[in-house]
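Asks: Structure provided below as structure tokens; questions to follow.
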Amino acid sequence: MSVRTRFAPSPTGYLHIGGARTALFNYLFARHHGGQYLLRIEDTDKARSTQAAVQQILDSLEWMGLSPDEPPVMQTSREARHAEVARELLAAGKAYLAYDTPEELAAMRAEAEAAKRPFKYDGSRWINLDPTQAPALPGAIRIKAPRGGETVVADLVQGEVRVADTELDDMIILRSDGTPTYLHAVVVDDHDMAITHVIRGDDHLTNTFRQCMVYDAMGWRRPHFAHIPLIHGADGAKLSKRHGAVGALEFAEQGFLPEALCNYLLRLGWGHGDEEIVPRERAIELFDLKDVGRAASRMDYAKLTHLNGVYIRAAEDDRLVRDVLARFTRRGIDFGTEAAARIRALMPDLKARAKTLVELADAAIFAVADGAPVPDTKAAVLLTEEARARLADLAQFLADAPWERADLEQWLRDYAEVKGVKLGQVAQPLRVALTGSTQSPPIDAVLVALGRAESLARILAASGDAV
Ligand code: GLU
């Protein structure tokens with residue numbers, strides 16, 4: 001049977017990177033085995049589910065290259081089927097109707113709480129009810145929990161997990177208003193979608209035993225389960241906003257490349273020797289659940305940022321230029337074709353030092369507008385009287401230089417030598433004049449990208465002379 005996995009987010013908010021990693025593992029496992037990877041939107045909690053969240057999830061998955069192989073399944077669209085299965089179980093005597101009122105159920109819960117024991121529904125009131133004695137009310141359908149044995153799940157990550165049947169109770173599968181409960185819906189959907197492997201966060205492990213009741217009662221083959229540990233923050237607490245970015249698209253906004261984020265999330269909790277750089281194709285080749293660790297992993301933003309730098313250096317220049325320009329547009333910065341060409345020319349040098357796309361855009365901004373950039377505080381200090389005189393002199397000296405990187409570099413060396421100063425004493429004021437900053441790509445690269453006219457105009461402006 002072909003492997004089929006699914007990612008099943010609830011659309012109650014943005015896609016958390018813990019969820020994104022679950023999607024990634026489902027995707028990689030399916031691809032590794034030549035199977036399919038599906039998406040089910042679990043929107044049965046109507047009060048908390050929103051269309052905006054659905055769209056965010058789809059956008060996040062697309063950004064990460066994790067779009068499903070088939071159109072997403074909306075769980076609410078299947079409610080009639082969930083009810084049908086519940087009624088089938090009722091008809092087969094595997095479930096029964098219970099007529100407890102909400103008040104009665106609340107009282108049972110309160111009683112358990114007062115006695116400091118976990119609440120377990122006692123089915124004896126309705127389980128053997130003679131149908132002719134049934135109240136003239138809509139009842140809830142409760143599945144008959146197994147009694148007297150234990151349920152064993154051979155989890156592909158957690159190993160064998162056992163739960164005594166005494167821990168389980170007759171859970172509601174169809175409420176008295178005809179709506180299915182979540183745990184029941186998940187099983188019916190996973191069965192109908194022919195899911196072979198359920199890979200999800202280990203916060204769902206206890207649900208598995210309740211879900212097994214539905215599989216077993218229907219005589220359906222259970223899928224394989226793999227419960228993966230959650231992602232924690234550096235302090236060991238469950239990862240949340242206070243640790244830093246947690247929404248997948250937040251990482252996009254903060255300048256992370258999707259392949260860097262995927263690589264990082266993959267390595268968080270899965271490993272193949274000490275391979276750190278594991279691009280998508282390699283990940284598909286290597287990924288298997290047996291290499292997923294059992295301990296919760298800790299999010300390390302510094303490590304992710306480092307990895308992002310590696311991927312930025314490996315990324316195509318044109319793609320990075322497009323990203324930088326799109327960021328300018330979002331920041332309301334106008335640019336023309338000339339600015340785009342300058343950034344394109346500088347990209348091999350710019351990307352060598354940027355760790356995020358935000359840093360890349362910041363480092364490229366000096367090339368956009370014509371005229372001398374306003375120097376930042378650190379740079380302004382360097383524009384001493386002596387430096388300005390030097391710049392005025394340099395503008396004259398460079399006016400006739402051949403405008404090629406190697407030539408310009410040589411000209412600047414010669415200039416420093418003739419004047420008896422260090423190259424830095426020439427290059428630093430020049431850098432400030434051209435970029436407004438003390439850090440930039442090599443000065444000859446900057447001169448070439450800006451072109452002769454613009455470079456000379458900037459040098460003159462910074463020297464204090466009118467252009
Ligand atoms: N909808 C659940 C969640 O978002 C996932 C359930 C599952 O994977 O079975 O946590």
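Heads up, residue numbers simply count up from 1 along the chain you see.
Cβ atoms are placed via backbone N, Cα and C, with glycine included.
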Asks: If I go by TrEMBL, the feature motif ''HIGH' region' sits on one of 9-19, 31-41, 64-74. Which?
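Replies: Residues 9-19 are the ones TrEMBL records as motif ''HIGH' region'.
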Asks: State the residue range annotated as motif ''KMSKS' region' by TrEMBL; the candidates are 43-47, 78-82, 238-242, 273-277.
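Replies: So the range that TrEMBL calls motif ''KMSKS' region' is 238-242.
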Asks: Can you break down the motif ''KMSKS' region' (238-242) into helix, strand and coil residue counts using DSSP?
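Replies: Helix (H, G, I), strand (E, B), coil: 2 helix, 1 strand, 2 coil.
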Asks: What are the DSSP helix/strand/coil residue counts across the domain 'Aminoacyl-tRNA synthetase class I anticodon-binding' (338-461)?
Replies: 90 helix, 0 strand, 34 coil
Asks: Have a look around LYS241 (ATP binding site) and count the other CB atoms within 10 A of its CB, chains all included.
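Replies: Total other Cβ atoms inside 10 Å, all chains included: 11.
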